[in-house]
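In what follows, a single structure is set out as C-alpha cells and then discussed.
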Amino acid sequence: MQRLAMDLRMLSRELSLYLEHQVRVGFFGSGVGLSLILGFSVAYACYYLSSIAKKPQLVTGGESFSRFLQDHCPVVTETYYPTVWCWESRGQTLLRPFITSKPPVRYRNELIKTADGGQISLDWFDNDNSTRYMDASTRPTILLLPGLTGTSKESYILHMIHLSEELGYRCVVFNNRGVAGENLLTPRTYCCANTEDLETVIHHVHSLYPSAPFLAAGVSMGGMLLLNYLGKIGSKTPLMAAATFSVGWNTFACSESLEKPLNWLLFNYYLTTCLQSSVNKHRHMFVKQVDMDHVMKAKSIREFDKRFTSVMFGYRTIDDYYTDASPSRRLTSVGIPVLCLNSVDDVFSPSHAIPIETAKQNPNVALVLTSYGGHIGFLEGIWPRQSTYMDRVFKQFVQAMVEHGHELS
C-alpha cells in the first residue's frame with residue numbers, strides 16, 4: 001500500500017510537469033483535450049491521497065490491547081487505500097460480491113441436533129493437509145458466522161477459509177437454521193438476539209477439539225450474534241478471541257438508515273425478499289404461529305421482523321426485539337479480546353451508532369474504524385479480486401491471537 005501511495009504521488013508530479021508543458025507549447029492546439037484529462041487526473045489523484053486514503057481510527061479500552069495490535073496486527077494502523085475508482089460506500093457494498101474471487105473450498109457437512117429437536121448445519125474445512133499443525137487435536141479452529149441470509153458459500157467466508165488454510169488452521173461455518181438447504185425440523189429459524197444455537201455450536205466444536213486454540217469471526221448479522229453471545233456469557237466461553245466485521249451496533253439506527261429511499265431501493269427490499277424466500281421454503285412449519293401471507297407482503301426488513309422474527313421468538317413488540325438485538329448494550333460485558341472492524345460510511349451501520357465511548361470502557365475491546373469501505377466491502381487495489389482490507393485484518397488478527405495471545409493474559 002505504501003508503494004501504491006508513492007506511485008500515485010510520482011504519477012501526480014509527472015502529470016503536472018506534462019500538463020505545464022502542454023499548456024506552454026500550445027494551449028489551443030491539439031493537446032488541449034489530453035491536457036484537460038491529465039489535469040483532471042492530477043486533481044483526482046491529489047484529492048484521493050489527501051481525502052480518501054486514510055489511516056483507520058483505533059479505539060481500545062486498554063493500552064495493552066492497543067500495543068498488542070500495533071505490534072502483531074499492524075494492518076489496523078496502516079493507511080487504507082480504497083479502490084481508486086470505487087471508494088463510495090454503496091459502490092463498495094454492491095461490487096464486492098461480484099468482483100471478488102470465490103476460492104474453491106471442499107466442505108465436510110455435519111448436522112447436529114438441538115435441545116428443541118431441531119438441527120444445525122455445520123460446514124467443516126478440516127485442513128488435514130496442514131504442515132504447520134499436523135496434529136488435528138491441537139490445530140487452531142476458527143468458527144465463522146455469515147451474515148443475515150448468508151451461508152458457507154459467501155465469497156467473504158471462502159476468503160477467510162483460504163487465509164486460514166495458509167495459516168494451517170481448521171474452519172467450521174455455522175449456517176443458521178433453514179438457510180443452507182437442510183430441512184427445518186421445528187418451527188424455529190434464527191435471529192441475532194437469540195444465542196442458544198450459537199452456544200450449542202460452540203459447545204459442540206469445543207468438545208471435539210478441547211486442546212485446540214478456538215476463535216470466532218462473525219460478519220454483519222453473524223457478528224451481531226457473536227457479540228450478543230459474548231456479552232451474555234462474559235469470560236465463561238471456550239473462545240480465546242473473536243473478530244467482527246461490519247456489525248450493526250444499534251438495530252434501530254440500522255433500520256432507519258436502510259429505510260432511506262436510495263438504501264431501501266438498493267439493499268433493503270432485496271434483503272427482505274431473501275428473508276421471505278428463506279422462510280417460504282418451510283412455510284408449512286410456521287402456519288400455526290404466524291400469518292405467512294402477511295409476512296410475504298412485507299416491503300422492508302423492519303416489517304418482516306415485526307410480522308415474523310419478533311413473533312417467532314416471543315417478543316411483545318418489534319421495539320423489544322430490536323432493543324435486545326443491539327450488541328452495543330452488551331459491549332461492556334465482553335470478557336475476551338475482540339476486534340471489531342467497521343467503516344464509518346456503512347449505510348447498514350451508521351457512524352453515529354458506533355459505541356466508541358462504550359468501547360473505551362472495556363479493555364478487551366478494540367474498534368477499527370475506516371473512513372471508507374461500505375458494508376463488507378473494504379475493497380483495495382486497482383482490481384480488488386483476490387484480497388480486501390477486511391481479509392488482511394482477519395488474517396493478521398487470528399494469527400496474532402494464536403501465536404501471541406498469551407501476551408494479553
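Residue numbers in this text run from 1 along the chain shown.
Placed from the backbone N, Cα and C atoms, the Cβ positions cover glycine too.
TrEMBL labels come from automatic prediction, so no person has curated them.
Taken from TrEMBL as is:
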| type | residues | note |
| --- | --- | --- |
| ACT_SITE | Ser220 | active site, charge relay system |
| ACT_SITE | Asp346 | active site, charge relay system |
| ACT_SITE | His375 | active site, charge relay system |
| DOMAIN | 140-381 | domain 'AB hydrolase-1' |
| TRANSMEM | 25-50 | transmembrane segment |
Express the distance between the Cα positions of His375 (active site, charge relay system) and Ser220 (active site, charge relay system) as a whole number of Å.
8
Round to a whole number and give the Cα-to-Cα distance in Å for the pair Ser220 (active site, charge relay system) and Asp346 (active site, charge relay system).
11
Counting across all protein chains shown, how many other Cβ atoms sit within 10 Å of the Cβ of Asp346 (active site, charge relay system)?
28
Including all protein chains displayed, how many Cβ atoms other than that of His375 (active site, charge relay system) lie within 10 Å of its Cβ?
26
